[in-house]
Amino acid sequence: DFSKAMSQAGTSQFQEVIRQELEYSMKIELDKILATAPSNELEHTKKDLEGFKKLFHRFLQEKGPSVDWGKIQRPPEDSIQPYEKIKARGLPDNIASVLNKLVVVKLNGGLGTSMGCKGPKSLIGVRNENTFLDLTVQQIEHLNKSYNTDVPLVLMNSFNTDDDTKKILQKYSHSRVKIYTFNQSRYPRINKETLLPIAKDVSYSGENTECWYPPGHGDIYASFYNSGLLDTLIGEGKEYIFVSNIDNLGATVDLYILNHLMNPPNGKRCEFVMEVTNKTRADVKGGTLTQYENKLRLVEIAQVPKAHVDEFKSVSKFKIFNTNNLWIALSAIKRLQEKNAIDMEIIVNPKTLDGGLNIIQLETAVGAAIKSFENSLGINVPRSRFLPVKTTSDLLLVMSNLYSLNAGSLTMSEKREFPTVPLVKLGSSFTKVQDYLRRFESIPDMLELDHLTVSGDVTFGKNVSLKGTVIIIANHGDRIDIPAGALLENKIVSGNLRILDH
């Protein structure tokens, strides 16, 4: 046992030496990069690289999955409240004064590349020519007009989306919404073999675009604070932010949740509220809320030891998942940021660049900070508050007659007899938005659809109706044209079906 202990001590000593050498090499490389910054970017770059250095230090310290599975417990009953209970409290007469304490923050760092689009994802048209950003501005403008309030919109951009977003913001200059932006940090990508940055200088245009990345939405706390905007908003009397992904069309301002935050029934305010919703088979990989060392904690699939992944995915054991709709007290962000006390697990995201180089990028997730805040709470909200558009399959749903659009908000049509959304899987011929749009002369009637699978070279004519389960498969070399006015109910269509103009 003694020799075993000695060899373990030797190993850990050796590992410590390696760690120190890696950190020293990283520091030298970062100093070289900083030396290339122009004077007007120096302060900003310095803050970014300091933040990256802290993250890299923690990355070297941590080994393996970051949760001890044995310590995970179900959250106590009262730590996740049903939305119905919060709604049942009703609204006070002075809801406008409560709304005036709110800021809406949208995470706007992502590009539309997964849907074949260039530029910010928020500028993709989703409904009647309206983009994600248009719908967001319409929602807040409607609130401000209805209650005579001043709820501002804040966009957290990345260096990928900032220029294009700022250009488009001019079109809202006459709307009744104050719009602010700040940029999340810009971190250097790391060579997987050497664990050193692949960037040689601070520039991020041309061939250098691949050297840098925005480090996930967990960066919101530091970059919001560093931008000075956090202090500005606190100075204006704002108390809470409502944060969500800009591509989640269900994430609208909920007055009942806001009232619960501002006027808590027990008199003790929550600093952090996470909206969760019930898992379906489609959500088994979503992060879940657990009780861990007497704190609410978000556990993501990447943190789970391999032996327990199936258990984590179980819909019966972990019934809810994080929608990434979060309500957070501004004063708490300021306090924790100043104490450097926001603790988020590191997500190691491996990628292969176009040239074949394997890199890693270190990221964090905004919801992971829940354990750093006092008096956190989960609220189990209806599924309708989680309507993300990640693919053209999602886009088909929100463009269809399943939803009606009112003041920027999408609501499920009352004509739909059951509240669940159909399962839609469009094949690779539909992945890019422009290909998808070309394949539908008009969006089919989907009010009575349960399940749609489309694969291969398929096009839809005008006024097609889809009901029940519909599967359309054109094999390689075949093409299927669904004729205008067709009704497909519980049908499988395969083979070749060409309709030619006379």
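Backbone N, Cα and C define each Cβ position, glycine as well.
Taking a C-beta cut-off of under 8 Å and a sequence gap of six or more, GLN184 (UTP binding site) has these contacts in its own chain: GLY109, MET156, ASN157, SER158, PRO214, PRO215, HIS217, ASP219, ILE220, SER223. What TrEMBL lists as UTP binding site is LYS121, GLN184, GLY216, ASP247, LYS390.
Cβ neighbour count for HIS217 (substrate binding site): 23 (other Cβ atoms within 10 Å of its Cβ, all protein chains included). Annotation comment: TrEMBL describes HIS217 as substrate binding site.
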| note | Neighbouring CB atoms within 10 angstroms of the CB of LYS121 (UTP binding site), all protein chains considered, total 24
| field | binding-site residues listed as GLY216, ASP247, LYS390, least Cβ neighbours within 10 Å | value | LYS390
